[in-house]
């Protein structure tokens, strides 16, 4: 299998502080990887380097074998590297249907058209309906986003990413801020992601990580200290020390 | 009007006819009715009504960038004045006196000014953007002042003598033709803008206003989209300027002024942003009120206008149209 996403020897320092140190990751289609690490481990910096919002000091980012290190964030999205946001970023005055229609039309290069209406485009409407159904949002398709529940907004955030038909999906804490009662729906949505999609999830909730990921990468002080299966991660001494130690203790205490 | 009707019948999903279409047809009917009432109620004041319609095009064009895209500007008269001077210069120096051609030239002039000022203004954000927009309108003003061989400088550009419309309707002393011409231009512009704001491109602009970072994360270009809207906005403002040049037969430096830019923005806020209706309502109310108060009390009219604006901004922050909509909405909900 050919790698769809590769990060090679990425380095970034702010002043004298190295926040990303020689990070390399390779992902294949269908991968389900969780990126974890304590606060300040450099997860956000890593995401910004990968999406192109920060420029690395050295190293490369490759998408489907193409070097995208010098491309703008927007162009990386068009090449199939799509992210979701930790804090929901949606258009409060627009409906879920409008969000998804806009994303589908953007992907298919039709947002430049100054005439016409998305509801008059059968292919757009069909795809939007399919996405709404998949994520269980069809009953609120025409409500304003400001009026729908936060859990539903999180689902729309995922739907919006899928509407762009990514090759690689970066999920930034997809369940953050969602009430406990709604997390099963988010997890179901994550379980239902396209099988050939490579997913890299940044997540704090370890229960979610263990249910979702088939591979876990642990970042500490800007460097990868573990890359392996979820079963092994809790047994790794360095990980315990850097991160899971306190968590494991909390768990046993509770 | 024809445009709206054809799109409705050509729409494949017209089985459930969207209610925005009915609302737009209703809005159009109201605009035409108000225009007719104005014509019969103020037959001696058609020059003012025509001027209002010219400025309405400027306010509509500000609504495109401010109301729909969230770009703050206090320099939009630069686009209006560019259209006015373009069509005036075309008429005086190049013998293009057909009014429709003059409007096309004005739209083109406004669009070019839109590219230039958009390229500058869109570099900044927030306060910097506002300052850049003021600088742009001052530069345009100064350029028109200095290029007096073409623009007449501070004396203004006079001697614009447009031909009859379609060779049939001469511009008369009472301003009837000019008024009819103005109503036609505003209605056409309104219908076209209504379609544009509902288009995929219009949706993208609304998205940029609400969250540009999300738009970038969708792979769309924010700057390119905004610049395109600036060009469309410039064309609309340019049509307004051309209309002003045609109906008054002079173009003065005041059409490129900061004052006009600021007043037009005030009119938009007064009427309500982001709906196009608000732009029309704001322009008509502001200019009518200004005319009425300045005649009734020539000494304190500016104070009264100022007080009215403060009242509207404090008590109806969504503008006259936005507030009226909210009231209707509340009435409906309690009525059920």
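Cβ atoms are placed via backbone N, Cα and C, with glycine included.
The feature transmembrane segment is assigned by TrEMBL to B:25-42 (among others).
Long-range contacts of the transmembrane segment (B:48-71) within the same chain: residues 38-39, 42, 77, 79-80, 110, 121-122, 129, 175, 178-179, 182-183, 185-186, 189-190, 193, 197, 202, 205-206, 208-210, 225-226, 229-230, 232-234, 236-237, 239-241, 243-244, 247-248, 260, 264-265, 267-268, 271, 273-276, 278-280, 282-284, 287-288, 291, each at least 6 residues beyond the stretch ends and with a Cβ under 8 Å from a Cβ of the stretch. TrEMBL lists B:48-71 (among others) with the feature transmembrane segment.
For B:78-96 (among others), the entry in TrEMBL reads transmembrane segment. Sequence-distant contacts of the transmembrane segment (B:78-96) (same chain, at least 6 residues past either end, Cβ-Cβ under 8 Å): 57-58, 61, 102-103, 105-110, 112-114, 117, 136-137, 140-141, 144, 150-151, 157-162, 233-234, 237-242, 244-246, 250-251, 253, 255-257, 260-261, 264.
According to TrEMBL, the feature transmembrane segment maps to B:102-122 (among others).
Within the chain carrying the transmembrane segment (B:178-196), a Cβ under 8 angstroms from the stretch's Cβ atoms is held by residues 1, 3-4, 7, 24, 28, 31-32, 35, 39, 46-47, 49-50, 53-54, 56-57, 60, 64, 99, 103, 165, 169, 171, 202, 232, 236, 239, 243, 246-247, 276, 280, all 6 or more beyond its ends. What TrEMBL lists as transmembrane segment is B:178-196 (among others).
The transmembrane segment feature in TrEMBL is assigned to B:265-289 (among others).
Marked as transmembrane segment by TrEMBL: B:301-328 (among others).
Beyond its flanks by at least six residues, the transmembrane segment (B:102-122) meets 61, 71, 73, 75, 78-80, 82-87, 90-91, 96, 129, 132-133, 135-136, 140, 162, 185, 223, 226-227, 230-243, 245-246 of its own chain at Cβ-Cβ distances under 8 Å. Tertiary proximity for the transmembrane segment (B:25-42) is limited to same-chain residues at least six positions away from its ends with a CB under 8 Å from its CB atoms, namely 1, 4, 48-49, 176, 179, 183, 186-187, 190-191, 277, 280, 284.
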